[in-house]
Amino acid sequence: MDSSTAPLSIITKLALFERTCDSSYSPLAENLKYLVQFVYLLPAAMLHARILYILLWKHRNLYLKQSFYILFIMSCIACFTLVVQDIFFARVFQYMTQFCEPMSEFVENYPIFPAIYYPLQQHLHCAQPIIQILLTVNRMSCVVIPWKHSQVWKSFMKYAIALVILTPFLFIWNIIISKKLPVYTFGGFYIGYERVVIWATMTLFMLILRAITIVITAVCTFITVLRLTRMSKRLVSSERTLCIASFLISSCFLGTAAAESLFAFQVVRTSTSISYFLLPISWDILNVGTPIVMVMASSQLRRHVFGILKRSRSNSRVEDGTIVTGF
């Protein structure tokens with residue numbers, strides 16, 4: 001099918017008001033928007049990198065024994081990659097309006113770049129809800145079946161990793177086979193796609209995935225809280241940190257789900273639509289908030305990340321392979 005007559009995705013049709021860059025936006029104002037976001041995205045990327053170094057290398061013998069932290073590593077990798085993409089590509093395309101034309105020409109003339117960049121971005125967005133499900137189920141199983149929690153997750157972990165890597169392809173296959181192109185908004189552009197299979201919309205797929213995740217998260221969280229109220233104080237103390245961290249990460253995730261729902265159900269969009277602003281901000285809250293939540297929740301991880309050498313025996317210890325951390 002000729003590209004000029006190929007059916008565009010609904011989002012692309014609604015967003016593609018002009019096939020060229022909009023020069024009416026002030027480059028200075030748009031550049032300042034990038035600078036504001038750069039101020040919090042760069043420290044977030046550095047924090048993610050530091051956490052991954054701690055978990056995967058410096059203290060791997062401690063953290064890799066814990067199924068929760070293995071799942072959290074996958075979350076960190078996804079968030080870190082998305083933040084780096086935003087710093088160097090997505091936000092540059094959107095807010096460096098003075099370079100909009102040469103950058104959009106690069107995207108069109110070198111299709112290998114969007115063919116890698118956009119599917120990877122969407123793969124990671126799909127992987128995040130799956131990781132969220134696994135994190136909440138992990139915490140629930142820890143309080144429901146504490147006597148065999150470690151053994152169950154040790155056996156299941158290889159399947160969990162495969163699930164996170166492979167399941168997103170069930171949602172992004174249409175993106176992979178479709179043509180990627182610049183979609184012009186706010187004086188810049190983002191990368192969209194022309195759907196080869198009309199009914200297979202990424203918005204619909206993500207909405208279904210987010211809805212499933214919210215239901216599972218709500219059920220698992222309710223069971224976890226109910227079970228924690230019936231456990232002994234010693235066990236509650238040992239599990240409280242990771243459970244609270246999981247709850248807070250779930251809150252960040254729910255904000256993203258709400259923003260994506262607004263974007264999906266908003267029938268009429270304009271170039272000044274608030275949904276185009278809320279969606280990336282909600283992603284930022286999730287990607288930036290996740291490492292902050294874990295560092296704030298776990299005093300042990302906080303000491304390791306920031307290199308604080310002083311150690312409190314009553315506040316941090318290892319018992320039977322379980323990391324026990326206080327606030």
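Along the chain as shown, the residues are counted starting at 1.
Cβ atoms are placed via backbone N, Cα and C, with glycine included.
Pulled from Swiss-Prot:
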type     : residues : note
TRANSMEM : 35-55    : transmembrane segment
TRANSMEM : 70-90    : transmembrane segment
TRANSMEM : 157-177  : transmembrane segment
TRANSMEM : 181-203  : transmembrane segment
TRANSMEM : 244-264  : transmembrane segment
TRANSMEM : 277-297  : transmembrane segment
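Counting same-chain residues at least six beyond the ends of the transmembrane segment (157-177), those with a Cβ under 8 angstroms from any Cβ of the stretch are 67, 70-71, 74, 118-119, 122-124, 126-127, 130-131, 134, 193, 195-197, 200-202, 205-206, 209.
Within the chain, the transmembrane segment (244-264) has long-range Cβ neighbours (under 8 A, six or more residues past its boundaries) at 68, 75, 128-129, 132, 135-136, 138-139, 203-204, 206-207, 210-211, 213-214, 217, 221, 275-276, 278-279, 281-283, 285-286, 289-290, 293-294, 297-298.
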